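J.: Could you have a look at this structure, given as structure tokens, before my questions?
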Amino acid sequence: SQYSAVDTNPLSVYIMQPIWNKIIKIVPLWIAPNLLTFSGFVMILFNYFLISFYDWDYTASGTSPGLVPTWVWLFSAFTTFCAYALDSIDGKHARRTQSSTPLGELFDHGLDSWATSIFVLSFFSVCSRDNGKTGVSVYTMYIYLSIVLFNFMCSHWEKYNTGVLFLPWGYDISQVVLIAAYLLTGTVGVEVWQKPLLFGYYITDVLVILLIGFSLFLSFPQTLYNIHRAHLKKTLKNDSLYEGLLPLVSPLLLFILLTVWVVLSPSNILAKQPRLFLWMVGVAFSNVICKVIVCQMSSTRPELFHWFLFPLALVVYAAISGLLGRTEEAVLGAFTALLTAAHVHYGVCVGRQLSEHLNIYIFSLKKRVQE
């Protein structure tokens, strides 16, 4: 299928695109676009693990002065900008080297679906968790992450139905806000997040309100409007309502199961292991969305229930019924490790199958020799 995306965001069109068009000229023509995509993702991951090392339980910024060294925040700003740049130029570079492929599209969106949660989880270290004076509660973090992931899902659900990816406005805005937040923290210190900004509201409150406002009153209505417009023009990919809503079933069930675990956990698992739990949420979500992206690209039907909803349901049941008892954290750790391994394995397998099918290498522009 021909890839089509529409970007109407003024920030992107008038400010960022001209910058990317300058940066792209530096990239040597022999570099494969997927290498750019992957490098950006590796930077985000590296940055996430670096912050986790200094701030495993999201409390480091709640102390004053903060426990995370200044260079880490400045490094975060740098890696976030680089990842944002690489994610923005990989498609341009593919067109420039005439190497646009379905593999590249899947690689880009698949990694984005995982990176989305990692960006959010890194940002939580800036504002720190609630310590009675400042910070954000772990439940707010969970809701915040869920809304961001819901937004990401909407744009791909919309593409599944319309065939066009309308790039969400929130993407460029969130990247610029993230970079600014890291720079601010690095230059002024974490104290900036601990003082009220306006009318007794903290910067973090303002960002949460903005995010929820953007999602519920801009992104989501825009998605429904675009689908409705395609319906009127008779360009919808799926005729029946059931077919159209099918990709939403697994993500919604995933959200329900996770929320049940968060609310009914006997040991209050989210408060005990916020980093581990939220990481697991991000990986689970990414895997569900990758399946939707594959279905949307290959025009196949997604299955009603994603396979790991079954083991997840078992784990959640065992946890909330008290069966796990004191092992709840250990089981969360093991489940998260297995899920992450399964997700990486899935990505590698799909990548290899596509590269063989399309007769191309993933990280090189050299052509494969036909066997």
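Keep in mind that glycine also has a Cβ here, set from the backbone N, Cα and C atoms.
Got these off TrEMBL a minute ago, pasting:
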TRANSMEM  26-50  transmembrane segment
TRANSMEM  70-86  transmembrane segment
TRANSMEM  136-154  transmembrane segment
TRANSMEM  197-220  transmembrane segment
TRANSMEM  241-264  transmembrane segment
TRANSMEM  276-294  transmembrane segment
TRANSMEM  306-324  transmembrane segment
TRANSMEM  330-348  transmembrane segment
J.: Using a Cβ-Cβ cut-off of under 8 Å, list the residues of the same chain that are 6+ residues beyond the ends of the transmembrane segment (136-154) and lie near it.
T.: 58, 112-113, 116-117, 120-121, 124, 127-130, 168, 170, 174, 204, 208, 211-212, 215, 219-220, 223, 248, 251, 255, 262, 270-271, 274, 277-278, 281-282, 285, 289, 292
J.: Assess whether the transmembrane segment (330-348) lies in contact with the transmembrane segment (197-220), where contact requires at least three Cβ pairs under 8 Å among residues 6 or more apart in sequence.
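T.: These two segments do not touch.
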J.: Can you tell me which parts of the same chain pack against the transmembrane segment (70-86), counting only residues 6+ beyond its ends and a CB-CB cutoff under 8 A?
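T.: Same-chain contacts beyond the ends: 19-20, 23, 36-37, 39-41, 43-44, 46-47, 50-51, 54, 115, 119, 122, 126, 175, 178-179, 182-183, 185-186, 189.
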